[in-house]
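Engineer: The structure that follows is given in the form of structure tokens.
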Ligand SMILES: Cc1ncc(COP(=O)(O)O)c(C=O)c1O
């Protein structure tokens, strides 16, 4: 990956020395990167294939994390031995029954939670439902509304509206930055995304949580785009409830189970709207009346999805010896470097970063607005859409993704993304956009 490419006719042709400098800097930073060796814990493309032109860069770990090497062998063993030979005995002898709490305790340090506060199971959407209805049931009498992050990932809004309808409350969409001003004594809770899925903006979890508490409301956070990418500090900031998925920066695999966090001091009051038998105090008593389990187990519902759960548990082994602070340091360095390379390689005016430059407000992705309206070629109908640009990037081996209407998303997973990946991706983006009709237009503005 650190091999220095030739720059005969790429978009950097006007400044080949700049391109060489960036390539050399990428190699230096990779050589000095304390997390560089962690990449070997994943199954990834070996190196860019210059002959075929396939860049071999994976920047979509914010959608589906890469496969950790620990998973395949573990799942083979679960199937062949635990299921194949031990069969039903595995519920106890292989620790299947206690997996949701055990794996919750493995995720907990990554999101700043103590043991016994996180339980794994179900999808994020289902856990949102538990958190929202459970939260409203704990809120003060006289509350009439739920605030929802106006820029939220859609499922959060859908579930919040349903939860509100069931509990007789209204939903009010509010921009995260406005929540401190908009919360009132009638607000039961606010549901906020820690990192915005589209722009990569990091919302102020400590400040918003504090403002909600000052008004007597609960804070419910969606950590899908922050867990495993940056420190969250749930306990330290007294967050009430949180949910998140495990298939992005936690690399649990497609459709891997999500998790629910309940603040320790609230657990006794938490009444699940899905009180399945797994959350009963004595599930095998088969008691027709319901008594909730003590502690975080009351966040469980039905029989856990053991294969996916144990794949996730194996995937979490990649975190051995890795601190989330080191991950954050590298994430910011990678996203800074990518933006610098985009600025150097992409023809002026073709993209605009919608990800905040301020480190305090940046998650672990870079989102580039790539709209025909930014291009003079649009007037001639010649500019490709962002979706077409991403298709072409993927064809050339730079895998990011596209979010409507015009955002190219590039996710940086510090456990396996290198500085050479960042440089290479920006270079290919420059090639793709540089080959377009308005390459020489000199339209105003650059990335960022
Ligand atoms: C911020 C956010 N919340 C919720 C979800 C939905 O999660 P699930 O499909 O596990 O319900 C996603 C999925 O990408 C997401 O990004």
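Cβ coordinates are placed from backbone N, Cα and C, and glycine is handled just like the others.
According to TrEMBL, the protein carries these features:
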{"type": "BINDING", "residues": "124, 125, 153, 154, 155, 156, 222, 225, 247, 277, 303", "note": "pyridoxal 5'-phosphate binding site"}
{"type": "COMPBIAS", "residues": "11-28", "note": "compositional bias 'Basic and acidic residues'"}
{"type": "MOD_RES", "residues": "248", "note": "N6-(pyridoxal phosphate)lysine"}
{"type": "REGION", "residues": "1-28", "note": "region 'Disordered'"}
Engineer: 10 Å Cβ neighbour count around residue 303 (pyridoxal 5'-phosphate binding site)?
Structural biologist: 13
Engineer: Select, from 124, 153, 222, 247, each of the binding-site residues with a Cβ positioned under 6 A from at least one atom of ligand 1; if none does, say none.
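Structural biologist: Within range of ligand 1: 124, 153, 222.
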Engineer: For the pyridoxal 5'-phosphate binding site, please report the maximum Cα-Cα distance among 124, 125, 153, 154, 155, 156, 222, 225, 247, 277, 303 in Å.
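Structural biologist: Spelled out: the longest distance between any two Cα atoms in 124, 125, 153, 154, 155, 156, 222, 225, 247, 277, 303 is 31 Å.
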Engineer: Using a 10 Å radius around each Cβ and counting other Cβ atoms from all shown chains, which of the binding-site residues 153, 247 yields the largest count?
Structural biologist: 247
Engineer: Does residue 155 (pyridoxal 5'-phosphate binding site) have same-chain partners at least 6 apart in sequence with Cβ under 8 Å from its own Cβ, and which are they?
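Structural biologist: Set apart from residue 155 (pyridoxal 5'-phosphate binding site) by at least 6 residues yet with Cβ under 8 Å, we have 124, 125, 128.
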Engineer: Could you state the whole-number distance in Å separating the C-alpha atoms of residue 222 (pyridoxal 5'-phosphate binding site) and residue 248 (N6-(pyridoxal phosphate)lysine)?
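Structural biologist: One finds 13 Å between the Cα atoms of these residues.
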Engineer: Name the residue among the recorded positions 124, 248 whose Cβ has the smallest number of other Cβ atoms within 10 Å.
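Structural biologist: Minimum Cβ neighbour count within 10 Å, taken over the recorded positions 124, 248, occurs at 124.
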